[in-house]
Amino acid sequence: MGGSEKRFSHPLEPQLVRLNKNLLISKGDPQYFDKVIRYADKTSPEAHFKMGERAREQGNTSRAMFHYQEVMKTSPSPYYYEANRALRDLALQEQADLEEARTELEVVTRGKFNRFLRMFLYALILINLILLAALLGSAGEDSSVAASAPASAAASSLAAGSDSGKPAQETGSSFSTEAASVRGDASMPAPDKDIPYVMYFPAGAGAEWIESELLREMNRLVQENSRQNRVLYGFHADGKQSGSAVTQGLSGGQVIGEELGPRQAYPLSSLANPENAFVAAEYVPQLRSSIQISYIGEGVPQAQALTVAGAQIIRTALQAYAADHGGTYPASLDLLLRSYPDNYLSFLPKEVLTGSNRVSPYYDGGGGWVYTPAADDPGSALRPNLPAAALAVAQPVRAALSAPANVPLEPVQVYVSKRERRLLLQAGSGTVLTSRAGIGRPESPTPGGTYTVLERVLAPAGRAPGVYGAAALGLGSIAVHGTADAASVGAARSLGCVRVDDAEMLALFALVPKGAAVHVVASLDEPGGPALKRPVSGHGGELAAAAAALGPAQLPPVKEQAPGKVFHWLG
């Protein structure tokens with residue numbers, strides 16, 4: 001026959017899926033998804049989700065949770081939120097099962113105790129009857145005489161009272177413990193209710209101080225009744241939105257005006273609207289043993305911007321670490337917090353929406369960060385562990401945590417403008433800091449261009465004591481460093497380096513990771529320059545405030561000095 005021979009496909013071929021070169025499998029196979037994970041794609045979200053659903057139907061909770069957690073490792077995917085919802089449902093079901101088991105155990109235990117108590121009472125009554133019979137037999141007539149004497153005395157007393165027309169004298173107290181236990185005591189306090197509380201804070205107060213005050217007062221309230229739900233709202237004590245709320249929002253209409261101090265919580269009255277609060281602390285013992293702080297209302301944009309900034313700071317450090325280690329991310333974020341010269345970070349920033357910097361290998365909504373070392377890029381490796389889903393279950397004060405968990409990767413950028421003599425730090429969608437900066441003299445100008453932070457060192461030694469100030473970010477031949485010469489900040493007096501006031505330099509040092517880009521430009525308005533963005537609300541663009549908001553309560557023991565090393569930047 002002429003022409004090429006045409007091959008016919010097998011009638012079953014349309015029903016088969018090719019997993020690899022030599023393996024085809026039917027979708028009707030009960031073990032289809034198991035084989036997909038085993039032979040084709042170990043991270044397939046669809047396969048893990050289907051396996052989790054099957055395990056859940058079979059009652060294998062632990063296996064179902066494993067597959068759902070595997071789904072959560074891949075984001076975005078169409079099964080991410082379904083798996084998250086399933087994990088939450090399983091957790092609630094497990095809690096309900098534990099509560100039911102505890103109730104059944106109490107019933108069984110109570111029944112056994114009641115049987116024991118009845119037997120003990122019967123034995124005690126029997127012993128008392130035997131003793132009573134023995135006493136009656138030995139006393140005989142004396143017992144009856146002794147019994148009649150009080151009766152006659154009582155009769156004579158009653159007769160005397162009747163004859164004189166006066167009531168008989170009371171010889172004993174009418175109080176009895178049995179009667180008191182049955183009769184309700186009017187002085188007993190009413191059961192505690194879910195009463196919201198309020199605190200007022202001055203405008204411009206730092207987030208760290210506000211959170212410490214909230215925690216202190218919440219701990220006091222929780223100690224009064226650790227089983228009671230507690231909600232504590234934070235309001236601004238300025239005139240722009242408080243007004244009558246500051247003077248009338250306290251229980252009983254107490255007027256405090258200028259004497260108001262944000263150091264005590266008061267019950268929230270109907271005159272203070274929780275919708276005007278900017279932060280809230282919540283304690284729900286049925287869900288968690290810790291106090292959760294959430295920024296709400298006007299506080300959300302500020303907290304979201306700082307949370308994004310914290311994520312970008314860690315991601316920039318991860319990017320630099322991978323570049324130094326053959327593209328591999330550290331097994332633990334603690335490896336970013338090592339001594340000089342491997343001090344990629346000074347501390348692990350907090351996720352400001354919850355005030356936590358704990359690290360979890362998967363999303364659980366508990367606050368802090370989700371870190372996946374096996375991810376392909378820093379944006380996927382590090383994500384905020386925002387508790388929106390978990391808080392929604394608890395009916396929170398206001399769960400206004402609308403920032404996405406998958407914040408886009410935007411590495412930290414530092415811009416130095418020679419014309420404006422300003423330094424601008426950008427981390428994510430908002431400006432964290434703008435600060436005055438000193439530049440080189442006309443005869444030794446600061447060279448323009450893009451640099452990389454190669455070294456981060458505290459109190460660097462130079463050819464003269466203190467020439468580089470409190471801290472420095474080494475860029476090669478030049479550095480951004482501190483100075484004790486306040487007059488040179490904002491002026492053109494250096495030998496080519498960028499000078500920042502010592503106090504602001506320490507804060508800048510804490511926020512700029514190793515590997516961050518530093519752009520020295522003629523002007524911020526030049527083509528390709530950064531678009532000036534509004535500083536983070538409530539921090540006024542101050543570096544120290546942002547560093548305090550992102551910094552943990554206790555700094556890690558990172559040694560960031562370089563003893564014995566002399567640096568030779570331009571100065």
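Each Cβ is built from the backbone N, Cα and C atoms, and glycine gets one as well.
Under the heading repeat 'TPR', TrEMBL lists 45-78. Taking the repeat 'TPR' (45-78) as a whole, pLDDT averages 81 in the prediction.
Here TrEMBL flags 120-140 as transmembrane segment.
Taken from TrEMBL, the feature region 'Disordered' applies to 158-187.
The compositional bias 'Polar residues' annotation in TrEMBL covers 170-179.
Under the heading domain 'L,D-TPase catalytic', TrEMBL lists 412-521.
In the shown protein chains, 28 other C-beta atoms lie within 10 A of the C-beta of His481 (active site, proton donor/acceptor). Per TrEMBL, the feature active site, proton donor/acceptor maps to His481.
What TrEMBL lists as active site, nucleophile is Cys497. Taking a C-beta cut-off of under 8 angstroms and a sequence separation of 6 or more, Cys497 (active site, nucleophile) has the following same-chain neighbours: Gly440, Thr446, Ile478, Ala479, Val480, His481, Trp569, Leu570, Gly571.
Note on the repeat 'TPR' (45-78): DSSP counts are 25 helix, 0 strand, 9 coil. Long-range contacts of the repeat 'TPR' (45-78) within its own chain (CB-CB distance under 8 A, at least 6 residues past either end) are made by residues 33-34, 36-37, 84, 86-87, 90, 93-94, 362-363, 372, 380, 383, 405-406. With DSSP classes pooled into helix, strand and coil, the tally for the domain 'L,D-TPase catalytic' (412-521) is 13 helix, 51 strand, 46 coil.
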